[in-house]
Every structure is written in C-alpha cells, then in structure tokens.
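Everything on this sheet refers to the single structure shown next.
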C-alpha cells in the first residue's frame with residue numbers, strides 16, 4: 001500500500017508538469033484576444049506607453065513566451081504563483097481561501113448527496129419494481145437532468161419568497177462581530193442553499209448506481225447462503241449486501257469530485273459564493289492570467305488528490321484490492 | 001441443525017416465489033415499458049427537432065422583433081370564453097393594459113378580443129434558409145400581441161426567441177459529437193492497436209486533460225474566442241472547444257476495447273491478408289465498437305447541451321444578437337428580476353426537458369444495444 005501511494009505521488013510530478021503546460025498554452029491562446037495591458041490602455045488611454053512597458057517588465061511579460069513559462073514553473077516550485085494584475089497582490093493570497101471555500105462546498109454537497117442517495121438507493125433496490133421504486137427512479141432521472149445553474153436559480157426563487165435562507169454569499173454582514181460558535185452557525189446557514197443546489201445532481205446518479213449495484217449483489221451466492229443460514233433479512237441486506245455494493249461507489253468518489261468542482265463554478269457565480277469557480281471567471285474576464293493559471297492548477301490538484309484519496313479509500317474498504 | 005435446514009428450505013421457497021413473481025412475460029413487459037419511455041423520448045426529441053427546423057414558421061415573431069411598450073409583459077392567456085362568459089369559435093387573446101406603471105404590471109384589456117389567425121401572412125423569412133415564405137402558424141392583429149411565454153426587458157417575445165435559440169442549444173451537441181467521435185475513435189484505436197510509445201503519448205495527454213475540472217478548462221478556452229466572430233463561426237468555435245476538452249474520455253475507453261478486439265482472429269486474418277494498419281483499424285476493429293459508440297453518443301449530447309447553456313448563461317458562450325436557451329436564461333440572472341417575472345425561467349425548463357428526453361433515450365438505447373451494461 002505504502003509503495004503504491006509512493007509510486008502514485010512520484011507519477012504526480014510529470015502529470016503536474018503536463019497540467020502547467022496545458023494551463024499555459026490555454027492562456028497563450030487567450031492572449032490572441034488582447035492581454036490585460038491592452039485592455040488597460042483601452043480603458044485608460046491617458047496611460048503612457050512607457051508606463052505600460054514598465055508594468056509589462058515588472059510582471060515579466062516582456063520576455064518570450066517560453067521564458068515566461070519556465071519562470072512561472074520555477075516560481076511554482078517555490079509555491080509562488082505570481083502577482084495578480086488587477087489586485088496587485090500575490091495570487092496565493094487570493095486563491096488559497098477561495099479554494100478552501102470551494103472545497104468546503106464540494107465536500108458538504110458530497111456528504112449530503114451520499115447521506116440521501118445511499119439509503120434511497122438501498123430502499124429502491126430492496127423494493128424493486130414497487131411504486132416507490134418507480135417514483136424514486138423517475139426522481140433520479142429528473143435530478144440528473146437539471147443543470148446546477150438551473151437548480152440554483154429555482155432554489156433562489158424559493159428562498160426569495162419564503163425568506164427562509166440567506167440568498168447570497170458565505171457570511172452575513174455582521175460576521176466579524178459574531179462569537180466563534182455564531183460564526184460557525186452563520187457559515188453553515190449560508191452553506192445550505194449552495195449545498196442543495198450542487199448536491200441535487202449527484203443524488204440522482206449515486207442513487208441509481210447504488211440501486212444497480214445492490215441488485216447485482218443481492219443475486220450473489222453468498223447472499224443466498226446468508227439467507228439460507230437464517231440470518232434476518234435486515235442483517236442480510238445491511239451487513240452482507242450493502243457492504244459489498246458500496247465499493248464501486250467509492251471509485252465514483254473521485255469522478256464525482258470533478259463534476260462537483262465544475263458544478264460549483266455555476267453555483268458560486270449565481271449565489272455569489274466566494275469560491276474558485278467565481279474567481280476564475282472574474283480573472284478570465286479581466287485577463288488576469290496568473291490568477292487564471294493558478295486557479296486551473298489548484299483545481300486540478302484538488303481533483304488529482306481526490307482521485308488518490310478515492311483509490312486509497314477503496315483499498316481500505318475492499319480488502320480484495322491490492323495495489324502491487 | 002434441523003432448524004438450519006428448515007430455514008434454508010424456507011429461504012429457498014422465498015426465492016422461488018420471488019422468481020415466480022418475475023415471469024419472463026413480466027420481465028418482457030418491464031423491458032417494453034423501459035423501451036416505451038425511450039421511444040416516447042425519441043419521438044418527443046424528433047418533434048422538437050422538427051419544430052426547430054421550422055422555427056421561423058412556428059414563431060409568431062421574428063428574432064429581432066421588439067415592442068418597446070411591452071417589456072416584461074406576462075404570458076398572454078389564449079382564451080375561448082370571454083369576460084362576458086360567451087364562447088368563441090376561434091381562440092383569442094386580449095391586448096395588454098398597463099395596470100401599474102411603477103411596478104410594470106400588465107393586465108388583460110377585456111374590452112375587445114383579438115382572434116388568432118392560423119396560417120396567416122406576416123413578416124417575410126426564408127424557410128430552412130432558402131425557401132422564401134411569409135406564412136406563420138399563428139398571428140394576432142396589433143395592438144394585441146401573442147406573447148404566449150411573456151416578453152423580456154426589451155419587449156421581445158420569449159417563445160419566439162426560445163424557438164430560434166433552440167437551434168444553438170439542440171445542434172451544438174450533435175456538432176460536438178461529429179467532431180469529437182472521429183478524433184476519439186482514431187486516437188483511441190491507434191493507441192490500442194500499436195501500444196508502446198504511441199499509446200503512452202496519447203494516454204498521458206488524456207490523463208493531463210482529465211486532471212482538469214472540465215468546466216474550468218471550458219471557461220478558459222471559451223474566453224479565448226474573439227468578440228468579432230460571426231455567430232455561426234462562434235458556434236463552431238465553441239463546439240471545437242468542447243471537442244478539444246472532450247475527446248479524451250472516449251479515446252480511453254475505445255483504447256480498452258481495441259486492446260481486446262486486436263487479439264481476435266478476424267483481425268489477424270485482416271492483417272495477414274496484407275491490409276494497411278489504418279485500414280485494419282478503421283474497417284475491421286472500430287466497427288466492433290459501434291454499439292458502445294452509439295450509446296456514448298446519445299449520452300454525450302445532453303452533457304454538451306448542458307455545458308453550452310452553462311457557458312452562455314455566464315455570458316461567454318453564444319453572444320447577442322444570436323441566442324440560445326442558456327443566454328435567454330441569463331436574462332433571469334438577478335434575483336430581483338426573475339422573482340418578479342418568473343416566466344424568464346422557462347428557457348431553463350426547456351433545457352431540463354431536452355436533457356431528460358436524451359437521458360431516457362440513451363438509457364433505452366444502452367439496454368437495447370449493450371446487454372452487458374443493462375441496468376436492472
């Protein structure tokens with residue numbers, strides 16, 4: 001196991017280099033439609049060309065592209081993601097907290113989605129072909145077909161008329177005045193809406209996977225054996241069947257995370273949630289390239305780590321799996 | 001011991017009973033019901049695509065039609081009974097009356113009815129892009145307006161714009177599949193067939209692409225597109241962006257399939273008869289993946305529709321004056337607006353419906369073509 005993790009971590013190196021290269025290449029393409037400084041000149045024609053050249057030189061933008069890339073790579077190795085053009089602060093300041101917020105949103109959605117989908121999937125499989133099963137399956141299909149930006153809009157609509165939940169942001173105006181417990185509750189309260197908006201999509205898919213897997217397992221010989229031994233039905237399902245049906249879902253975890261990070265980008269933009277997806281959109285529109293590249297890089301790192309954790313988790317819950 | 005045996009026998013009986021509860025006939029009925037759902041979805045999609053083709057005919061108004069007096073007008077009800085309780089032979093609408101100028105609330109002006117004229121002459125257009133015509137499905141006389149889904153902030157008919165916008169939303173998925181699948185098939189085929197360095201290079205690129213959260217990459221690449229592109233060119237560029245990001249997943253699975261197909265005897269025979277490698281891959285190996293490819297295609301399209309509407313919603317996909325369902329939904333972006341004028345959310349409903357139909361269709365197609373993946 002340890003050797004496997006080590007090998008994966010070593011392989012991470014070339015993968016990260018590939019990711020930085022693609023991020024860089026995408027940004028180079030983006031420069032075709034004018035870079036930050038050209039936009040600046042358009043907005044403030046009074047800035048002298050000399051000042052612009054000075055700014056360019058300050059950010060190292062006067063060098064040939066490949067030198068810029070190597071410099072950027074060199075700085076990343078030292079965990080320095082460069083300076084933001086528009087905020088004039090290190091990119092790390094900006095993306096650190098934003099990435100944490102996105103991670104918080106993704107994980108809370110993941111937890112909520114699993115907590116809802118697994119029991120419903122089990123119920124559906126155990127009561128196969130019943131009316132409830134039909135309704136749940138139809139509901140799952142609906143959930144899969146609702147884009148996260150539309151579910152966010154619908155929830156916003158409901159929240160606006162019921163006045164039950166805060167509509168925007170992650171914290172209240174008086175956040176800084178609250179006690180530590182109050183702060184926690186405030187953030188939790190603000191998380192409800194985005195979590196549901198983002199989680200709905202996952203619930204549908206997870207539920208269907210759980211149902212299919214459990215139905216497969218319920219046909220297995222060892223379930224028959226357990227029943228034949230006189231194990232109570234409840235125990236057969238929960239201890240013998242579900243335990244085995246849940247393994248493939250763990251692999252899905254990494255895949256889910258990718259979808260959640262993408263979906264979070266919408267939810268963040270609609271619900272004014274201060275996350276990575278919103279930052280990257282703002283930075284893209286401002287052509288603040290170091291922020292964009294940093295966000296792309298950090299998003300991918302989150303995804304890769306998620307996949308790694310999923311693989312390790314899988315080996316942990318399923319002793320049949322050996323990574324050697 | 002005896003107790004165990006009894007329990008085993010009881011369980012066996014239960015099993016038998018359970019098996020009897022699902023006779024072949026019942027199973028077949030269930031399968032048919034599934035197909036029925038897929039079939040209904042397929043027919044619904046076909047209808048939607050036909051309406052899309054004849055959008056100019058079905059839409060009461062043109063793409064750039066505006067009535068500046070009637071912005072944010074609510075959906076106009078089509079009636080058969082008038083305010084005096086009399087039945088009319090023809091469906092009719094009422095003209096709008098501004099009830100509250102401050103809140104922009106409209107009500108029906110029930111003093112006069114305006115009949116719907118079917119197949120009436122109206123603005124000129126080119127059917128399917130080349131047949132000159134001026135007949136519309138439904139028209140009403142001014143000053144009444146046939147705003148069946150209401151109007152937007154410029155007084156444009158939402159239904160008409162949704163009909164025109166459906167072109168982008170419905171076609172982009174197909175365009176992307178037409179670009180992505182040949183690339184994914186050939187690259188996946190080559191990787192699986194040759195193995196070695198080529199395989200390594202292709203698969204490592206796939207891994208790098210897969211390491212990005214897809215939408216971040218889509219966002220970044222979509223902002224690359226210059227604002228000066230024509231709307232058709234822009235649509236194709238957006239499709240290209242989706243393809244650039246999306247070919248990897250397909251290539252990876254095709255590679256896996258090719259790895260096993262490569263070892264089969266008919267491939268050996270094809271190679272022994274001296275065919276070129278590319279011909280063996282394209283004519284002999286890839287056709288064996290057809291059923292998977294068809295299933296993957298039906299399930300890729302809704303994903304792309306979702307992605308396009310997302311990009312357009314955020315304002316970096318399709319641009320005005322051309323439109324798509326995502327862009328129409330963007331008019332509902334602020335809470336204050338769409339809580340007052342909820343009909344602006346209708347384009348979102350259209351997106352959900354089309355994706356739902358595609359998902360049902362894809363599920364049925366998978367069951368029919370690929371029994372190994374059949375969901376129970």
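Every residue, even glycine, has its Cβ placed from backbone N, Cα and C.
These numbers come from a predicted model, not from an experiment.
In TrEMBL, the annotation transmembrane segment applies to B:37-59, one of the ranges B:14-36, B:37-59. When Cβ-Cβ distances under 8 Å to the transmembrane segment (B:235-254) are tallied for each of B:37-59, B:168-194, B:292-316, the top count falls to B:168-194. Same-chain neighbours of the transmembrane segment (B:292-316): 168-170, 172-174, 176-177, 180-181, 185, 214-215, 218-219, 222-223, 238, 242, 246, 250, 253-254, 257, 324-327, 329-330, 333, 351, 354-355, 358-359, 361-362, 365-366, 369-370, 373, counting only residues six or more beyond its ends whose CB sits under 8 Å from a CB of the stretch.
Proximity of distant same-chain residues to the transmembrane segment (B:168-194), defined by a Cβ-Cβ separation under 8 Å and at least 6 residues beyond the stretch ends, is recorded for 48-49, 52, 202-203, 235-236, 238-240, 242-243, 246-259, 262, 277, 280-282, 285-286, 289, 293, 296-297, 300-305, 308-309, 312, 318, 322-326, 350-351, 354, 358. Within its own chain, the transmembrane segment (B:206-229) has Cβ neighbours under 8 Å at 237-238, 241-242, 244-246, 248-249, 251-252, 307, 310-311, 314, 316-317, 319, counting only residues six or more beyond its boundaries.
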